Amino acid sequence: MTSKYFSVLVFIILASNEVVAKRHSSTPKLRKTDFPEDFIFGAATSAYQVEGAAQEDGRGPSIWDTFSEKYPEKIKDGSNGSIADDSYHLYKEDVGLLHQIGFNAYRFSISWSRILPRGNLKGGINQAGIDYYNNLINELLSKGIKPFATIFHWDTPQDLEDAYGGFRGAEIVNDFRDYADICFKSFGDRVKHWITLNEPLTVVQQGYVAGVMAPGRCSKFTNPNCTAGNGATEPYIVGHNLILAHGEAIKVYRKKYKASQKGQVGIALNAGWNLPYTESAEDRLAAARAMAFTFDYFMEPLVTGKYPVDMVNNVKGGRLPTFTSKQSNMLKGSYDFIGINYYSSSYAKDVPCSSENVTMFSDPCASVTGERDGGIRDLILYAKYKFKDPVMYITENGRDEASTGKILLKDGDRIDYYARHLKMVQDAILIGANVKGFFAWSLLDNFEWASGYTVRFGLVYVDFNDRRKRYLKKSAHWFRHLLNGKKEN
């Protein structure tokens with residue numbers, strides 16, 4: 001498996017150099033026509049981060065409601081998403097902003113507990129939740145904007161967490177399947193692009209190893225503020241159930257809806273691109289292991305029905321679950337496209353394997369450090385060459401800025417970030433990667449999880465002190481000019 005990583009790395013280096021050699025050292029200006037004619041440009045959000053209306057119209061609580069409201073000290077500014085951007089009431093304005101900028105797609109997530117307040121069919125379906133998403137989808141289509149719907153973006157219903165531990169319990173696989181079934185049945189006549197899970201790696205790492213995100217579980221030696229958890233075992237159980245939940249969801253879509261609705265179902269995976277810290281053989285192996293425990297962790301089962309060999313070799317003591325032959329067959333090929341959420345890349349350095357205070361973070365025996373540019377192109381090519389050239393969308397890409405309390409609309413650093421990353425996406429396409437679209441994160445400044453409202457990712461400034469008023473930032477105008485056919489840096 002490691003030799004395959006090196007082969008892929010060589011392909012990437014040679015292909016990248018071939019493109020770069022043909023270009024000027026400075027970043028060329030961009031046109032929309034530099035991308036394929038059917039290339040999709042969109043922006044993304046998630047339900048808990050923007051919707052608000054946490055206790056309105058029958059919505060049940062999620063683990064993020066509990067985590068942020070019961071333990072406000074775990075959020076940097078003590079805030080929560082109970083109101084957030086109030087998109088539940090202001091969705092028409094937000095769709096208007098998408099249209100004004102020129103985006104032709106919107107990636108949003110559906111709140112599980114807004115559809116199923118208690119998380120499962122026994123608790124009943126909330127028609128008001130169905131109505132809200134119908135209204136949002138219809139508004140998007142009326143403006144010529146394609147809906148990309150994410151079924152799960154971290155907001156597990158609290159009732160399922162209480163009943164059997166949420167994604168720690170095998171029961172959640174069927175409950176998620178039933179929830180996805182409702183979404184397909186209710187919205188699939190108009191939604192043609194579905195994402196089952198957003199960043200399962202983040203759920204596993206931050207919710208069950210670091211303990212800094214809901215449900216806030218970890219080993220005590222990792223974070224004394226965690227009330228319970230085991231960073232050596234729970235992450236792998238949760239990851240296993242997430243993968244199986246994805247598999248069951250796409251299985252039900254293909255069985256019941258694919259023929260009539262003709263949609264596509266994928267998954268959004270996050271990872272940086274890890275290069276060796278030095279040219280030593282040890283660091284090269286560490287870089288391969290770092291990829292195995294991040295991107296490959298969730299991609300490999302969808303291609304081969306198995307976990308990466310480096311994970312099998314490194315996770316000692318029977319802590320890594322195994323797939324049955326039936327589950328393995330279900331998972332193989334269980335995607336129509338792969339979403340890539342990319343922000344930055346790092347270097348991986350070999351470190352001794354730990355025998356004490358073991359967690360998922362120590363299992364790769366690699367220290368990931370520093371940041372570097374250029375990783376989005378390399379990660380795309382890695383996915384292309386290693387995983388059978390999948391159809392890909394960049395489902396998230398963006399950068400934050402500190403919230404100062406002032407209305408700041410000039411975000412030149414964000415423009416530079418988007419220009420450079422879009423150019424690298426274009427380079428990957430020229431090499432032959434099958435990338436079909438790009439979604440900026442995020443349309444709006446919003447509740448940024450454990451950071452609360454202390455950072456801003458939006459193309460649109462939201463004034464949280466004045467009725468959630470929206471203002472286009474300079475980066476939004478940059479996208480508008482780009483999408484209207486004008487050259488931009």
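Placed from the backbone N, Cα and C atoms, the Cβ positions cover glycine too.
Looking at Cys183, Cys226, the record from Swiss-Prot puts Cys218 in a disulfide bond with Cys226. Beta-D-glucoside binds Gln49, His153, Asn198, Glu199, Tyr343, Glu396, Glu448, Trp449, Phe457 as Swiss-Prot records it, and from the list Trp64, Trp441 the residue named for this site is Trp441.
You'll find the Cα of Asn198 (beta-D-glucoside binding site) roughly 29 Å from the Cα of Asn357 (N-linked glycosylation site). Neighbour density around each Cβ, counted as other Cβ atoms within 10 Å, peaks among the recorded positions Gln49, Asn357 at Gln49. For the recorded positions Gln49, Asn80, Cys218, Asn357, Trp441, Trp449, a Cα to Cα distance of within 10 angstroms from Glu396 (active site, nucleophile) holds for Trp441. In three-state terms derived from DSSP, Trp441 (beta-D-glucoside binding site) belongs to an extended strand segment. Considering other CB atoms within 10 Å as the measure, the emptiest surroundings among the recorded positions Asn198, Asn225 are those of Asn225. Taking only the Cα positions, the spacing between Asn80 (N-linked glycosylation site) and Gln49 (beta-D-glucoside binding site) is 9 angstrom.
In three-state terms derived from DSSP, Glu396 (active site, nucleophile) belongs to an extended strand segment.
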